[in-house]
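Before any comments, here is the structure.
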């Protein structure tokens, strides 16, 4: 009966064509812990800093419009009513639409080539944004930026899964994504300096924010062709023995307890289609969408919120720095502890709760009478949502297999989730300042909903793990299904254990 069932399943999928992607469970490698740590540190220092610099530039280029606004952009372009919000919103539709195709290209084109091409494109768009003359030009520039920048974040998140084991992933993602906080802090400092270039070359200070930051992206993007390592197999900084070391341990950790899921499986449509029918992905998408509503609404608005408290534009730029610096520390620490304790959900729900406290405080204050207290509660928002976002991405990255499903599933998560940015761009309304009741109230509601959604996903993973355990021991399962069957089943394999 079991064999008949498996024959039916085999008829619906293609088999993995790369024999190296199937690992013999009897040969699962065991490595010296000291040697493992040494090689991982080498990878960390070679791979993570480069990826972090790239994400800092990506984040700055997406968010610096908020700094340009308080440096005089709206007045110079004669933006009225909701035109600024529309310019923010149009970014997200091409950004979301192109993320899944971009990650599929990442499986075909070298990551160094694909990512460098994206950076050159969005750097050029960012530079040209500095010379727009009116509203329609700004809208066109933002839409082009969304298209050019679309694939970078999902590509980076997926690349991390090709270098690190499941329970090493979130701490590295935390380091990578905490650069968003660093970028927020650096963006405020950089904008403070660049707006002082007002009048140079007959250009306003806010134009120099776009031009200089765009040129920096183009320069770094050109370096990516040579500096960004594509994979452990081709990393020139690693010895051949170290390359094999990393490849073997990834294959042994690539999706099941015994390494039944390959890291180089061939493309086939059933794997891709399964991403769109996997309830686990959709539950994570729901929480991720709520997260991005909060993140983008906050990133675009926090300089204006601080400005409305009575500070000058220059002071508001500088006062964003401590907020993002605190978020950087929180994101890194929470990610490290999530890997240390080998769990995900408490390190998603806990940070979300901090954000909820922040929104409650901001809704309770009679703005602008207590500027110091308002400023203090602003810290809670990124300290909560940034670590939670990384937890969600790590959770999905850990729990999808084989690698094609992981690549497309993670891109789908980020694609649909990032549509929340279109909502977040429109909930902090100009006529509601300085109280921003809709923005803070909506943020509180969706944060509570994200907590509930994460808890539902946690219990679902636990139930699925119990069902798999009830199917028998590893020896019994191996007697019923062959290695190739288990490889194709991916995360649905009875030997695949979801990380909760």
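Each Cβ is built from the backbone N, Cα and C atoms, and glycine gets one as well.
These figures come from a predicted structure and were not determined experimentally.
Residues annotated as domain 'Major facilitator superfamily (MFS) profile' in TrEMBL: 47-465.
Residues annotated as transmembrane segment in TrEMBL: 80-100 (among others).
Per TrEMBL, the feature transmembrane segment maps to 112-132 (among others).
TrEMBL lists 138-161 (among others) with the feature transmembrane segment.
Annotated transmembrane segment per TrEMBL: 173-194 (among others), in sequence order. Among residues of the same chain six or more beyond the transmembrane segment (173-194), those with a C-beta under 8 A of the stretch's C-beta atoms are 48, 51-53, 55-57, 59-60, 63-64, 67-68, 71, 156-157, 160, 205, 208-209, 212-213, 299, 303, 314, 317-329, 331-336, 338, 382, 386-387, 389-390, 393-394, 397.
Look at TrEMBL and you will find 206-228 (among others) tagged as transmembrane segment.
What TrEMBL lists as transmembrane segment is 318-338 (among others).
Residues annotated as transmembrane segment in TrEMBL: 345-366 (among others).
The transmembrane segment annotation in TrEMBL covers 372-396 (among others). Sequence-distant contacts of the transmembrane segment (372-396), counting only residues of its own chain at least 6 positions beyond either end whose CB sits under 8 Å from a CB of the stretch, comprise 157, 169-170, 173-174, 177-178, 180-181, 184, 280-281, 284, 287-288, 291-292, 294-295, 298, 302, 305-306, 309, 319, 322-324, 326-327, 330-331, 334-335, 338, 344-345, 347-349, 351-359, 361-362, 365, 409-410, 413-414, 443, 447, 450, 454, 457, 499.
Per TrEMBL, the feature transmembrane segment maps to 408-429 (among others).
A Cβ distance under 8 Å defines the sequence-distant neighbours of the transmembrane segment (435-457), meaning residues of its chain 6+ beyond its ends; these are 280, 283-284, 286-287, 290-291, 293-294, 297-298, 301, 305, 345, 348-349, 352-353, 355-356, 359-360, 362-363, 367, 381, 384-385, 388, 392, 395, 427-429. Taken from TrEMBL, the feature transmembrane segment applies to 435-457 (among others).
The largest share of C-beta pairs under 8 angstroms with the transmembrane segment (112-132) comes from 206-228, of the ranges 138-161, 206-228, 318-338. Mean pLDDT, taken over the domain 'Major facilitator superfamily (MFS) profile' (47-465), works out to 87 on the 0 to 100 scale. Sequence-distant contacts of the transmembrane segment (138-161) (same chain, at least 6 residues past either end, Cβ-Cβ under 8 Å): 51, 54-55, 58, 61-62, 65, 77, 79, 86-88, 90-103, 105-106, 111, 114-115, 118-119, 121-122, 124-126, 128-129, 132, 169, 172-173, 176, 393, 397, 403, 406-407, 410-411, 414-415.
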